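Quick notes on the structure that follows.
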């Protein structure tokens, strides 16, 4: 199967954001009767410094595992011809997005845990929100594409090779990234025009829409419309994946071969686990009936989809996947033979 490639859209997005951030700072400076807010403080990290190291070391180890695990998966899938299938292509894209996704938040958390500076500039906060939500939406779209891929592979196996072509896989990936980086832009553009004054403490472990908007000294009710659009996006992705797997389970249960049922279930179990972990925590965080939870529960939910979900992805997709374990073994065996041959 032909080699796949993944594009990068960060540079275009940043060129669109910088003028908006400049206008934000200009408007803040123009508000003469109000105290200009040039940075936000993460109130959760404003605790005695002696406790920071006890959280810093585990978080650093988790972040290192996320980077290493997802990078190994990405490289193995790209190099091993046996894994050049649509399913593993989407897994490699997901691994790449996870690396970028966690890098938007965890390094800043690590810095706040051990340094005296617990703040982030307004411009930095807007950029963090933009890339965090853009990459999160892209991940959700990729998970949806993976559900469609499994649906076609199990429910329509004869037509699957003709439908899920390398070209379609790349188109779905580009479309997912395009949706992610485009859909969040209007909301960030609007937030960049808001004046911020008074309190500058964010009650969250990273910059997010609700905590930041609560600090604006103007009416932020129009954001309800944008939030409703995002809610529709989450529900739509959830329904597509849920309906796909309901149909897949019905087909699997109708199989006469026990071995066939076991193989089909094991193939889909990893994706279904990641789907429940990611969409479950996102739904609890953003599809809530109450405007606010306690700081503890907000933080716990945020940790789930910011840290724990990316942490478990390499474990779910590699340690519990026979093909992936064999491919990793082949790669390291080849590297070992190459090192011996060079001696």
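Every residue, even glycine, has its Cβ placed from backbone N, Cα and C.
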Do you know which of 35-53, 111-129, 130-148 TrEMBL annotates as transmembrane segment? 130-148
Matching range for TrEMBL feature annotation, transmembrane segment, among 295-316, 317-338: 295-316
